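Novice: For reference, the structure I am asking about is given below.
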Amino acid sequence: MDRCTSSFLLLTLVSTLSILQISFAQLVPAIMTFGDSVVDVGNNNYLPTLFRADYPPYGRDFANHKATGRFCNGKLATDITAETLGFTKYPPAYLSPEASGKNLLIGANFASAASGYDDKAALLNHAIPLYQQVEYFKEYKSKLIKIAGSKKADSIIKGAICLLSAGSSDFVQNYYVNPLLYKVYTVDAYGSFLIDNFSTFIKQVYAVGARKIGVTSLPPTGCLPAARTLFGFHEKGCVSRLNTDAQNFNKKLNAAASKLQKQYSDLKIVVFDIYSPLYDLVQNPSKSGFTEATKGCCGTGTVETTSLLCNPKSFGTCSNATQYVFWDSVHPSEAANEILATALIGQGFSLLG
């Protein structure tokens, strides 16, 4: 799917609802976001962690060329999704000063770069572990009740879409680089451990009142530029064993989601397949108007992420990120996020009713 087709599909979705005189904003009163760097909009700016993106060249193509803490040159897939759903403002990062008063009526973002399903890894990285993100969600609900009243707050949370992006950091930044974990878990057993934590998370946010939940699958982790550099050795193309691990994890994730769906009759849960559209972009970049899919735009594009390597002094940063599938060695560019957002919207219609 090229970028023109992607934009046309997004426009068609909005136009169809306009014809039907249905407002996405009415159907989706708020968006709550949990997880990792793929969806963090600035919470890590307020933490003593290396995993931050509140400095150039991050954000150079965002509004006012501002580095907000998003791990991207511009908009995240969730930003584009929010716009498509009729939001004129993005739900604020929960730790930011903007997360107060009426701004909370449209939701909040609790995500934290370097977080994931493995809370111990998140704590080591000085990120917000998933259990703490749930605690912030509970705190958010208390604030919302004070602003809108108990009945309205319950309605907002029940009607909100809750998005979760997690798992990539657990494998790429934790399991694959931590010999101690090898002694405790096989990759399959570690995946099962993460799935147990996923199920716990769903039950916890359900208890707070969430009823519409979308969780992203693992991407083709073996195709991330950093993974090629660190784990590819002499293998050409994507690292096949990492992609196989991701596919096996995704099968477990879908099975767990189906089980939870049966367990809670009023729960709507969708597993967004991010693997397929991103894999297609990497394998056939020119089909979608890209010229580079093996490395990121920032610096050499092979290992750069966070301030350690992707910063204003990074040598070799590209001038036009729209030609790159990846912005840094881990995260997609805004141009790629536009295509991923189309996949999110297309797969998530059941959450809008």
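Cβ atoms are placed via backbone N, Cα and C, with glycine included.
Annotations per Swiss-Prot:
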- Ser37: active site, nucleophile (ACT_SITE)
- Asp328: active site (ACT_SITE)
- His331: active site (ACT_SITE)
- Asn197: N-linked glycosylation site (CARBOHYD)
- Asn320: N-linked glycosylation site (CARBOHYD)
- 1-25: signal peptide (SIGNAL)
Novice: Could you check which of the recorded positions (Ser37, Asn197, Asn320) sits closest to His331 (active site), going Cα to Cα?
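Specialist: It is Ser37, whose Cα lies nearest.
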Novice: Determine, to the nearest whole angstrom, how far the Cα atom of Asn197 (N-linked glycosylation site) is from the Cα atom of Asp328 (active site).
Specialist: 28
Novice: Quick one, of the recorded positions Asn197, His331, which Cβ has the fewest other Cβ within 10 Å?
Specialist: Asn197
Novice: Among the recorded positions listed here, Ser37, Asn320, which has the most company in the form of other Cβ atoms within 10 Å of its Cβ?
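Specialist: Max Cβ neighbours within 10 Å, all protein chains included: Ser37.
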Novice: Provide, as an integer number of angstrom, the distance between the C-alpha atoms of Asn320 (N-linked glycosylation site) and Asp328 (active site).
Specialist: 13
Novice: Just the number: how many Å between the Cα atoms of Ser37 (active site, nucleophile) and Asp328 (active site)?
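Specialist: Here the two Cα atoms lie 12 Å apart.
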Novice: Hey, what's the Cβ neighbour count for Asp328 (active site) at 10 Å?
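Specialist: So the number of other Cβ atoms within 10 Å of Asp328 (active site) is 33.
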Novice: Under DSSP, is Asn197 (N-linked glycosylation site) helix, strand or coil?
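Specialist: Its secondary structure by DSSP: helix.
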